[in-house]
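Engineer: Straight out of TrEMBL:
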type: ACT_SITE; residues: ASP755; note: active site, proton acceptor
type: BINDING; residues: ILE606, GLY607, ALA608, GLY609, GLU610, PHE611, GLY612, GLU613, VAL614, LYS632; note: ATP binding site
type: DISULFID; residues: CYS44-CYS162; note: disulfide bond
type: DISULFID; residues: CYS79-CYS89; note: disulfide bond
type: DOMAIN; residues: 1-180; note: domain 'Eph LBD'
type: DOMAIN; residues: 299-409; note: domain 'Fibronectin type-III'
type: DOMAIN; residues: 413-505; note: domain 'Fibronectin type-III'
type: DOMAIN; residues: 600-891; note: domain 'Protein kinase'
type: DOMAIN; residues: 922-982; note: domain 'SAM'
type: TRANSMEM; residues: 516-541; note: transmembrane segment
Amino acid sequence: RYTSTLTNSTFFPVLLLFLSSPLQWDAITEMDEHNRPIHTFQVCHVMEPNQNNWLRSNWIFRQAAQKVYVELRFTLRDCNSIPWVSGTCKETFNLFYYETDESHGVKFKPSQYTKIDTIAADESFTQMDLGDRILKLNTEVREVGPISRKGLYLAFQDIGACIALVSVRVYYKKCPFTLRNLASFPDTVPRVDSSSLVEVRGACVEHAEERDTPKLYCGADGDWLVPLGKCVCSVGYEEMDGACFACRPGFYKAFTGNIKCSKCPPHSFSYGEGAAVCNCEKAFYRAERDPPTMACTRPPSPPRNVVFNLNDTCLQLEWSPPSDMGGRRDLTYNVLCKRCGPEPDQCQLCGEELRFVPRPQGLTNTTVTVMDFSAHANYTFEIESLNGVSKMINYPRSVAAITVSTDQGGPFMVGMLKKDWASQNSIALSWLEPEQISLLVVDYEVKYYEKEHEELSYSSTRTKAPSVIITGLKPSTCYVFSLRTRTSAGHSAYSPKYEYETTDDTSDMASDQGQVLVIVTAAVGGFTLLIILTLFFLITGRCQWYIKSKMSSDDKRRTNYQNGHALPYPGVKTYVDPDTYEDPTQAVHEFAKEIDPTRIRIERVIGAGEFGEVCSGRLRTLGKREIAVAIKTLKGGYVERQRRDFLREASIMGQFDDPNIIRLEGVVTRSKEAGCGQALIPVTSLTGLTDLVVLCAVISGRPVMIVVEYMENGSLDSFLRKHDGHFTVIQLVGMLRGIASGVRYLSDMGYVHRDLAARNILVNSNLVCKVSDFGLSRVLEDDPEAAYTTTGGKIPIRWTAPEAISYRKFSSASDAWSYGIVMWEVMSYGERPYWEMSNQDVILSIEEGYRLPAPMGCPVVLHQLMLHCWQKERSQRPKFTDVVSFLDKLIRNPSSLLALVEDIQGLAESPGEVVDYHVFISIGDWLDSIKMSQYKSSFVAAGFSTLDSVAQMSIEDVRRIGVVLIGHQRRIVSSIQTLRLQLLHDNGFHV
Ligand code: ADE
């Protein structure tokens with residue numbers, strides 16, 4: 001009846017025999033409560049004393065068991081339910097065993113048996129149970145062992161009870177055959193000593209191999225415990241449902257491990273099943289060190305647009321990279337030189353006398369300089385592009401050739417370089433175009449430098465016309481100029497040198513005498529006209545104000561003033577300096593809307609400015625909508641000058657209308673005067689601003705406020721510090737693009753910010769960055785970073801261009817320098833520029849040429865842009881319009897952001913190596929490559945065991961697995977971003 005449901009137990013067949021005679025145990029078949037027959041052994045001699053009735057089993061072969069379990073099911077009669085048996089009736093029986101190596105047949109000697117236990121019933125039955133046919137079945141299990149003989153007998157001794165033995169099960173426990181971690185483990189019998197485990201070594205399944213010896217431990221209860229080690233599918237096989245299956249055609253698996261078969265990389269195939277590698281298509285190859293995961297590639301196409309620049313001593317060859325890189329990034333160039341006679345077939349390889357800088361072979365840049373060539377000779381240079389698979393084929397080579405005649409003189413040369421005029425900062429030059437030139441002139445290059453500084457560093461400018469105006473020069477300074485021509489065949493030699501001097505202030509005036517005369521004449525005439533008009537207005541009672549203050553903003557705009565200079569683009573809307581208004585209040589009202597204070601509800605204080613608190617609140621618009629605003633307040637007890645300085649910012653901001661410039665909603669300037677003599681007046685009574693009393697400083701006198709759009713994420717520096725490492729590079733570039741676009745707008749308006757820094761950029765809930773904090777000198781007073789310079793100005797040294805620090809030359813170019821610093825702040829998540837260096841050290845190190853290094857995880861292109869912004873020569877810095885279009889290109893083509901400065905540094909250590917995530921096969925390799933090997937076990941323990949799974953990780957995941965150091969988090973996250981882009985790119989996605 002007992003078929004086992006326990007998989008980890010083996011049952012023995014048990015046969016019970018009657019032993020003593022007369023037959024005191026009876027074999028009786030009864031019916032259970034469901035009327036099914038049950039075969040039992042029964043005994044019930046409860047009335048007679050001194051009972052000793054035995055029942056014995058057959059000989060049970062022990063097999064592998066060291067310990068056996070005996071399970072008895074029986075019923076037992078309650079003695080109290082039988083009358084007159086109190087002296088003789090028992091409620092227990094005894095269980096015995098006897099170990100032997102062989103069967104003894106029917107021989108039975110009780111003295112040979114060892115008692116296992118006295119068995120009592122949990123529940124005994126009564127007469128009533130019998131009548132109701134209730135079967136009160138007991139189950140008892142006893143352990144027998146250790147057993148060392150081949151088998152054993154069991155025996156049951158009745159000493160006067162009323163028993164029905166319903167079943168006897170004898171079994172031993174084992175750990176059953178199992179498959180774990182691609183290894184099989186055989187049936188295993190546990191040790192008798194239940195506290196020690198049996199160590200079992202597994203055997204790898206078919207097409208799998210051991211990674212670490214697979215082991216399981218068999219516990220006393222037949223359970224497998226503590227899995228260790230594992231097998232992994234061999235190359236060409238992948239794991240599925242605990243077995244290893246061959247990769248399908250078109251797929252491969254190059255490494256052992258429990259990774260899936262991958263699709264053959266581009267330009268490769270596998271026809272059969274179980275491919276370890278995919279073969280390259282025709283005309284595609286794999287270099288020796290290419291991993292099988294990499295696409296098959298081909299040699300590059302030839303270089304393009306080879307040109308040369310020639311002067312007396314140097315021949316510079318330049319070319320563009322091939323249009324087809326062959327799918328690889330390990331591009332190099334070799335240059336081969338041939339010297340040719342008058343006929344094209346009279347060429348022979350150039351001798352050793354020619355020098356190539358840096359070298360003729362293995363070039364990674366697209367230029368080489370050739371020196372020590374002979375004059376009056378014809379050279380042919382073959383520039384060959386090569387990559388890692390070029391040597392797989394002999395032909396065709398990817399070569400572009402150019403022929404250079406070193407015999408070029410006069411025809412390229414231009415005539416005399418003539419000074420047309422000079423002023424304090426500029427010199428205009430012109431020259432005659434070269435004659436007898438068969439090639440088209442591409443442009444001219446004018447090279448110049450201060451005579452005093454010799455030719456150590458020079459500037460140059462290109463022009464297509466035979467004239468140029470060189471600006472940005474120092475007054476009363478002698479400059480040396482020379483000129484060369486560029487044709488499609490390259491550059492000519494430089495012309496002789498010409499020296500011209502800029503004028504000083506007085507000579508400027510002298511040279512402008514003619515103009516002065518005209519102006520004076522006009523002024524006298526104008527003044528006369530003015531007097532006539534004034535008299536006219538006085539007479540007609542209309543003149544109420546000074547002419548200057550009456551001048552409309554349109555007039556001012558037309559005048560296009562900035563720092564006393566006319567601006568270059570008449571007609572374009574330009575910024576008007578509020579200081580040109582005699583009454584600054586008029587400027588405020590010209591550019592800012594007056595807001596009725598009852599439309600404002602102040603909610604919270606969010607910061608403090610130089611003039612008073614900054615609060616957040618709501619503004620009811622005229623369309624009855626409520627918008628979130630920030631309200632800058634002017635502290636009570638202000639003097640008129642403070643009020644004017646405070647409102648200056650509104651007069652400036654009100655002129656701007658750009659999505660990346662903080663928007664001015666309006667100002668409160670005209671609310672009612674508070675009562676005299678009261679130091680603290682509840683503003684409610686003045687303005688109806690109920691919350692203002694509690695939240696913002698109580699204002700005495702007229703409350704004055706500037707109301708601007710609310711930016712939910714506050715200032716950019718603290719926002720980035722709070723979210724260190726949270727953003728993708730594209731998101732950061734998006735922020736930089738917004739800032740650059742805002743500053744482009746300002747510079748187009750002719751406004752120079754002077755204090756661009758992440759702390760002065762505000763961020764809204766959509767991560768849109770907007771430039772804020774306007775007001776020139778006021779801003780700098782307000783800025784805790786601004787320090788006094790030796791010339792007495794207050795300047796935020798770390799953010800300011802050297803010329804602005806030394807001689808207060810603020811311009812859009814100095815804003816470009818500051819923008820570069822903002823870029824650095826953004827890419828380093830709000831780190832302090834130049835860290836803890838003192839201001840003085842910053843100035844000195846900038847002067848010596850030191851520039852901030854790339855923040856960790858910063859794409860090369862962005863650091864290059866920063867360095868471009870930090871050019872000493874301000875005219876060389878990029879214009880904001882170029883910055884915006886450059887960043888737009890990066891956003892459109894994010895793969896250009898893949899190369900990180902760290903990668904490039906790594907490359908410099910091992911030239912010719914390309915950082916390609918394909919080659920990082922395991923997580924371990926990847927972590928090694930970014931020097932984060934210490935986290936291998938954390939990644940694997942958290943289940944991130946494939947690059948694909950790592951590519952999905954967020955910064956939270958990185959933190960969760962135990963990377964606590966911010967720098968490490970940042971390094972890992974930025975590498976994950978790169979990895980993600982690379983995987984997307986490889987899968988043909990365009991981000
Ligand atoms: N802090 C200063 N100005 C702010 C604004 N406009 N929004 C949010 N916080 C600010």
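Each residue, glycine too, has its Cβ placed from N, Cα and C.
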Engineer: Neighbours of the ATP site ILE606, GLY607, ALA608, GLY609, GLU610, PHE611, GLY612, GLU613, VAL614, LYS632: Cβ within 8 Å of the Cβ centroid, same chain, sequence order.
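Structural biologist: Residues close to the ATP site, other than ILE606, GLY607, ALA608, GLY609, GLU610, PHE611, GLY612, GLU613, VAL614, LYS632: CYS615, THR633.
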Engineer: Return the residue, from the listed recorded positions CYS162, ILE606, with the maximum count of other C-beta atoms within 10 angstroms of its C-beta.
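Structural biologist: Answer by Cβ density within 10 Å: CYS162.
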Engineer: Could you find out if DSSP has GLU610 (ATP binding site) as helix, strand or coil?
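Structural biologist: GLU610 (ATP binding site) sits in coil per DSSP, no helix or strand.
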Engineer: What average pLDDT does the predicted model assign to the domain 'Protein kinase' (600-891)?
Structural biologist: 84
Engineer: According to DSSP, which kind of secondary structure is ASP755 (active site, proton acceptor) found in, if we only use helix, strand and coil?
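Structural biologist: The residue in question, ASP755 (active site, proton acceptor), is coil (DSSP, three-state).
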Engineer: Please name which of the recorded positions listed here, CYS44, CYS89, CYS162, ILE606, VAL614, is nearest in space to ASP755 (active site, proton acceptor), Cα against Cα.
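Structural biologist: Result for ASP755 (active site, proton acceptor): the nearest of the recorded positions is VAL614.
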Engineer: Under 6 Å from ligand 1 by Cβ, which recorded positions from CYS162, VAL614, ASP755?
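Structural biologist: List returned for ligand 1: VAL614.
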Engineer: Pull the DSSP breakdown for the domain 'SAM' (922-982) and write it out as helix, strand, coil residue counts.
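Structural biologist: Helix, strand and coil residues of the domain 'SAM' (922-982) number 44 helix, 0 strand, 17 coil.
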Engineer: Which of the three DSSP-derived classes (helix, strand, coil) applies to CYS162 (disulfide bond)?
Structural biologist: strand
Engineer: Using the alpha carbons only, what distance in Å do you get between CYS79 (disulfide bond) and ALA608 (ATP binding site) once rounded?
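Structural biologist: With distance taken Cα to Cα, ALA608 (ATP binding site) is 95 Å from CYS79 (disulfide bond).
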Engineer: Say you check the Cα of CYS89 (disulfide bond) against those of the binding-site residues ILE606, GLU610, GLY612; which is nearest?
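Structural biologist: Nearest by Cα distance to CYS89 (disulfide bond): ILE606.
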Engineer: I need the least crowded one of these recorded positions (GLU610, ASP755), counting other C-beta atoms within 10 angstroms of each C-beta.
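Structural biologist: Selected from the recorded positions GLU610, ASP755 on minimum Cβ neighbours within 10 Å: GLU610.
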Engineer: Within its own chain, what residues at least 6 apart in sequence put their Cβ under 8 Å from the Cβ of CYS44 (disulfide bond), listed in sequence order?
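Structural biologist: In sequence order, the residues whose Cβ lies under 8 Å from that of CYS44 (disulfide bond) (at least 6 apart) are ARG77, ALA161, CYS162, ILE163.
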Engineer: Can you tell which of CYS79, CYS89, ALA608, VAL614 has the most other C-beta atoms within 10 Å, given these are the recorded positions?
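Structural biologist: Max Cβ neighbours within 10 Å, all protein chains included: CYS89.
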Engineer: How many of the residues that make up the domain 'Fibronectin type-III' (299-409) does DSSP mark as helix, as strand and as coil?
Structural biologist: 3 helix, 51 strand, 57 coil
